[in-house]
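Trainee: So that we are looking at the same thing, I have put the structure below in structure tokens.
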Amino acid sequence: MTDFPTLPSEFIPGDGRFGCGPSKVRPEQIQAIVDGSASVIGTSHRQPAVKNVVGSIREGLSDLFSLPEGYEIILSLGGATAFWDAATFGLIEKKSGHLSFGEFSSKFAKASKLAPWLYEPEIVTAETGDAPAPQAFEGADVIAWAHNETSTGAMVPVLRPEGSEGSLVAIDATSGAGGLPVDIKNSDVYYFSPQKCFASDGGLWLAAMSPAALERIEKINASDRFIPEFLNLQTAVDNSLKNQTYNTPAVATLLMLDNQVKWMNSNGGLDGMVARTTASSSALYNWAEAREEASPYVADAAKRSLVVGTIDFDDSIDAAVIAKILRANGILDTEPYRKLGRNQLRIGMFPAIDSTDVEKLTGAIDFILDGGFAKK
């Protein structure tokens, strides 16, 4: 067994969870599960106790995102991964266009490409660590990209590209929703999972959908296209408007999510959450730029994520050793995305994470580097 150095106490964060999903959960969210353990958990999801939680989540998210008139919060099971498949059945009419700039933004493009009932999608790519600009695609009735690419820490703004009239804008906000600025009216489907900024468990997808998106879903559902019921977006819409899900949800996840949304809204709403992630990301990137051995992986500062920070280290430093030393001291999940294969750390900076803890994390890395503990 390798002996790792013990970090000085001043460099130990108040909470050592820096993972990019699942992410840090606040104690109050766990207490919400305890409080609902007899009255909500273990009861029917078709009855008021659970339906009221779903309704509270939908109302809270509507407030958080300042939903325009006619938009609805829709939810169903399976996470964003299930939503990609559902979108190929029930959102894309004929053809989609995609921005692909990392592991997760590429997966929706792949799902569309594999769907034999759709035309070949157009895909614009960028090297990992960079991101293409939003753009229209000729003949595409859905334009899709990620607000935040979780694998690389690159973010792309949410806007309606010039010339995109008639196309639905579908934004994968899995790791960005709740921590990045957004004007929802610039998207038609802004979908996400709760295990990132919302500090809950996975297995659920939620989406802010525009009237145009709801109309498209209804139109496709009324066609002769085969749609599996579990992936039927119209089924998700119909159940969501009743504050239900098609099949049984993980009720503890709903309780955690509801508590987090209430916390967000009572602490400044989306602007307050973006202020928190901005403070954390500024602390991380400023440190990396000042440190000779380190540098932000995303070269363009405007594209650097506020919620997922990726930091490269030069060849003289073994970033994997840094992560191991941090883990041995209770600072968890700073390893890079597994498929990226880079000499780097990846740091979650979601709203529940305090910027003071990010500052302590950088101090811990300074201690490791200055002590020569991670030299190759």
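Even glycines carry a Cβ here, placed using N, Cα and C.
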Trainee: Quick check: of GLN135, GLN195, GLN234, which does Swiss-Prot put in the same pyridoxal 5'-phosphate site as ALA80, THR81, PHE104, THR150, ASP172, ASN247, THR248?
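Mentor: Site partner of ALA80, THR81, PHE104, THR150, ASP172, ASN247, THR248 for pyridoxal 5'-phosphate, according to Swiss-Prot: GLN195.
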Trainee: Tell me, which recorded positions from THR81, LYS196, THR248 are within 10 Å of ARG46 (L-glutamate binding site) if we use the C-alpha atoms?
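Mentor: Checking each Cα against ARG46 (L-glutamate binding site), the hits are THR248.
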Trainee: According to DSSP, does ALA80 (pyridoxal 5'-phosphate binding site) fall in a helix, a strand, or coil?
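Mentor: In the DSSP reduction, ALA80 (pyridoxal 5'-phosphate binding site) maps to helix.
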Trainee: Reported as an integer number of Å, what is the Cα distance between ALA80 (pyridoxal 5'-phosphate binding site) and LYS196 (N6-(pyridoxal phosphate)lysine)?
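Mentor: Each residue's Cα considered, ALA80 (pyridoxal 5'-phosphate binding site) and LYS196 (N6-(pyridoxal phosphate)lysine) end up 12 Å apart.
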Trainee: Can you grab the distance from LYS196 (N6-(pyridoxal phosphate)lysine) over to ASN247 (pyridoxal 5'-phosphate binding site)? Cα atoms, rounded to a whole Å.
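Mentor: So the Cα of ASN247 (pyridoxal 5'-phosphate binding site) lies 23 Å away from that of LYS196 (N6-(pyridoxal phosphate)lysine).
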Trainee: Judged by the number of other CB atoms within 10 angstroms, which among THR81, THR150, GLN195, THR248 is the least packed of the binding-site residues?
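Mentor: Looking at the binding-site residues THR81, THR150, GLN195, THR248, the Cβ with the fewest others within 10 Å is that of THR248.
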Trainee: Does DSSP put ARG46 (L-glutamate binding site) in a helix, in a strand, or in coil?
Mentor: coil
